[in-house]
Amino acid sequence: MNPYVLATLLSSLGLGTTLTFASSHWLLAWMGLEINTLAIVPLMAQHHHPRAVEATTKYFLTQATAAAVILFASTTNAWITGEWNMTNMSDPIATAMILTALALKIGLAPMHFWMPEVMQGLDLLTGLILSTWQKLAPLALIIQTAHTFDPILLTALGLMSTLVGGWGGLNQTQLRKVLAYSSIAHMGWMIIILQHAPQLTLLALLTYILMTSAAFLTLKLSYATKVSTLATTWSKNPLLAATAALVLLSLGGLPPLTGFMPKWMILQELAKQGLPLTATVMALAALISLYFYLRLCYTMTLTISPNTVTSSTPWRTQTTQASIPLALSTVMALGLLPITPTIVTLVI
């Protein structure tokens, strides 16, 4: 892709998200979401592959549907209340419609069906943008309007997303689909705690972005898109295989890795709020997710690829890819648990 075009598209992505962040008016927020969608569509379709074009079409249709519902619901709310302000959402039907549309935008269950299919058709870098940056604007709107949503609806969305994210990833052999289901499960964790402690939602989002970035960049460096390809990683780059396995365990939420911190604090907060049953279901759903991360770790570190070759395997493969972003995101995805007391002091 032409660097000038790429720069324009990436700056439009930034502009759309910033516009939504800064707005308290529904029309401006809607405009930001639309700029965001239109900026990523050429990035998704840049390879001109039938799968990429299909994924782009699916993504565009779902996002356009969600944007239309947001526009309709905010217009209805403005018609009833007389103002476009986000904080004044007094009509319950409009509020429920906006929550549904925003859930469709970020891929919360049961509006998640587009997410794995779209992710499967993209290359790893665009998939990374889709599963991290593209979540920011809708999540900002959800956090701003959280006080108007029905708590039972938020809890149901959160529980369903963590369960679907766990179950859906169990039988997958494609790594991008596994990461898509991982994204759905993490979104569930963010939504479940939103009504009780929005600062923990932000913390979960930040750790999720760090861990997902590390996972996608690792796969990009090792050119792996299928589980079977992972079995060859250790012979080419053993250190990368070791850190990749740890990043996956961090995504699963195992101590002493970074991913344990948000899960631990969310479960603690749910128990404080007198919701032990919800906390138990969330913890069990996290175990289901952990199973498929462990499966990937097992494939990567404890199995040998059946493809035996007569030539000697290069111990260090030469690469032209930038490894600094991977190194930084991996360190942060693995080692931030010791600063939990500082974070607790800051956010609570």
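Cβ from N, Cα, C; glycine included.
Just so you know, TrEMBL annotations are computer predictions that nobody has curated.
Small disclaimer: the values here were computed from a predicted structure and weren't measured.
These features come from TrEMBL:
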DOMAIN    23-288  domain 'NADH:quinone oxidoreductase/Mrp antiporter transmembrane'
DOMAIN    290-343  domain 'NADH dehydrogenase subunit 2 C-terminal'
TRANSMEM  57-80  transmembrane segment
TRANSMEM  92-113  transmembrane segment
TRANSMEM  152-171  transmembrane segment
TRANSMEM  178-194  transmembrane segment
TRANSMEM  200-219  transmembrane segment
TRANSMEM  239-257  transmembrane segment
TRANSMEM  277-294  transmembrane segment
TRANSMEM  326-347  transmembrane segment
Any contact between the transmembrane segment (152-171) and the transmembrane segment (326-347), i.e. 3 or more CB pairs below 8 Å with pairs at least 6 residues apart? no
Remote residues contacting the transmembrane segment (178-194) - C-beta distance under 8 A, at least 6 residues beyond either end: 106-109, 112, 115-116, 118-120, 127, 131, 135, 139, 142-143, 146, 154-155, 157-166, 168-169, 172, 200-201, 204-205, 208, 212, 215-216, 227, 251, 262-263, 266, 269-270, 278, 282, 285-286, 289, 292-293, 296
For the transmembrane segment (326-347) and the transmembrane segment (92-113), decide whether they are in contact, meaning at least 3 CB pairs lie under 8 A, counting pairs 6 or more apart in sequence. no
Considering every residue in the domain 'NADH dehydrogenase subunit 2 C-terminal' (290-343), what is the mean pLDDT value? 82
Other parts of the chain folded back onto the transmembrane segment (92-113), taken as Cβ under 8 Å at six or more residues beyond its ends: 33, 62-63, 65-67, 69-70, 72-74, 76-77, 80, 135, 138-139, 141-142, 145, 148-150, 153-154, 157, 160-161, 163-165, 168, 180, 183-184, 187-188, 191
